[in-house]
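Annotated features in TrEMBL:
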type	residues	note
BINDING	Gly27, Val28, Ser29, Gly30, Gly31, Ile32, Asp33, Ser34, Thr138, Lys167, Ser189	ATP binding site
BINDING	Asp33, Glu143	Mg(2+) binding site
BINDING	Arg118, Lys151, Asp158, His235, Lys236	deamido-NAD(+) binding site
DOMAIN	5-239	domain 'NAD/GMP synthase'
Amino acid sequence: MEKQIEHIVEWLKQKGEEANVKGMLVGVSGGIDSAVVANLIKKAFPENSLGVIMPCKSQSSDADHAHQVIEECGIDHMTVDLTDTHNTMFGAIKEQLKAAGTLNEANEKLADANLRARLRMSTLYTIATNHNYLVVGTDNAAEWYTGYFTKYGDGGVDLVPLVNLTKGEVREMAGYLNVPEAVINKQPSAGLWEGQTDENEMGTSYDMIDKHIKGEEIPEKDKEIIEAMHRKSAHKRSLAPGPEPLK
Ligand SMILES: Nc1ncnc2c1ncn2[C@@H]1O[C@H](COP(=O)(O)OP(=O)(O)OC[C@H]2O[C@@H]([n+]3cccc(C(=O)O)c3)[C@H](O)[C@@H]2O)[C@@H](O)[C@H]1O
Ligand SMILES: Nc1ncnc2c1ncn2[C@@H]1O[C@H](COP(=O)(O)OP(=O)(O)OP(=O)(O)O)[C@@H](O)[C@H]1O
Ligand SMILES: [Mg+2]
């Protein structure tokens with residue numbers, strides 16, 4: 001694991017050099033993936049790394065954990081509260097949909113939640129442009145394979161250093177870095193609505209996804225859920241397609 005950390009830190013430095021940027025930044029949620037990434041970019045760019053905390057009607061325990069992550073890691077940080085921005089934007093869109101008689105209440109929670117992720121992405125790119133930094137994503141192999149991220153939201157980033165690591169490996173790596181125990185041990189959550197946990201929403205567990213990615217046998221029911229998520233999210237793992245040129 002120490003070699004793996006060194007390998008990723010060196011890769012981050014190289015990508016920074018290739019892009020001719022001064023440093024890198026990441027959104028720090030209080031979850032384990034962003035805690036690990038914050039530690040990795042701090043190692044790669046000790047003086048030019050930034051963690052951004054972006055509450056958006058999030059639970060206060062998440063913000064507490066995010067501050068603990070920042071403190072233990074020692075990375076520079078700033079907070080941008082997106083609650084009012086989200087209320088204004090989602091409110092304006094909803095008002096127009098209602099007026100047109102086209103508001104689809106069945107999808108409202110998901111649309112509301114994905115807007116949060118996309119506002120965070122816009123915030124990170126605004127700061128990245130200001131600082132001449134790259135935006136670093138936190139997706140691990142399990143999230144990437146299942147497409148369990150918001151397209152152009154938390155999936156809208158420049159680099160994905162954890163993309164080859166299973167959730168279990170990310171947790172193991174956290175043990176070698178300055179990540180608070182409370183963050184290592186808590187349930188993974190996108191925090192997109194009250195009480196959301198990744199495993200409840202997906203209907204399977206990270207343990208199952210990790211095993212499936214590694215080619216180990218898992219129950220048929222879990223395999224079906226994971227493969228259906230993988231198929232449905234193929235479009236998120238490639239650039240937007242266009243038609244063949246007209247001959
Ligand atoms: N075949 C296709 N070809 C091209 N584009 C296609 C498409 N099918 C849908 N789309 C487009 O993609 C959109 C759906 O994708 P998307 O907007 O991502 O939305 P969707 O996949 O429906 O939802 C995002 C999921 O990721 C989870 N999430 C989000 C953020 C963070 C985390 C976390 O772990 O922290 C988890 C969230 O809880 C939810 O389950 C559609 O609205 C449509 O515009
Ligand atoms: N409140 C927040 N402030 C800053 N960034 C956030 C916030 N919420 C989500 N993010 C960003 O979105 C990413 C995706 O969230 P995700 O839940 O997958 O990761 P995590 O919270 O780091 O770990 P876990 O999956 O264990 O909860 C986070 O890693 C982080 O970069
Ligand atoms: Mg989370």
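A Cβ is built for glycine as well, from the same backbone N, Cα and C atoms used for every other residue.
Any TrEMBL annotation is an automated prediction that lacks curation.
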Specify the secondary structure state of Glu143 (Mg(2+) binding site) as given by DSSP, simplified to three classes. helix
I'd like to verify something. Among the binding-site residues Ser29, Gly31, Arg118, Glu143, which ones have a C-beta closer than 6 angstroms to some atom of ligand 3? Ser29, Gly31
Other Cβ atoms within 10 Å is the metric here; tell me which of the binding-site residues Thr138, Ser189 scores highest. Thr138
Of Asp33, Asp158, Ser189, His235, Lys236, the binding-site residues whose C-beta sits under 6 angstroms from any atom of ligand 2 are Asp33, Ser189
Can you tell which of the binding-site residues (Arg118, Lys151, His235, Lys236) has the fewest other C-beta atoms within 10 angstroms of its C-beta? His235
Starting from the Cβ of Asp158 (deamido-NAD(+) binding site), draw a 10 Å sphere and report how many other Cβ atoms land inside it. 17
Cβ under 6 Å from ligand 1: which of the binding-site residues Gly31, Asp33, Lys151, Ser189, His235 qualify? Lys151, His235
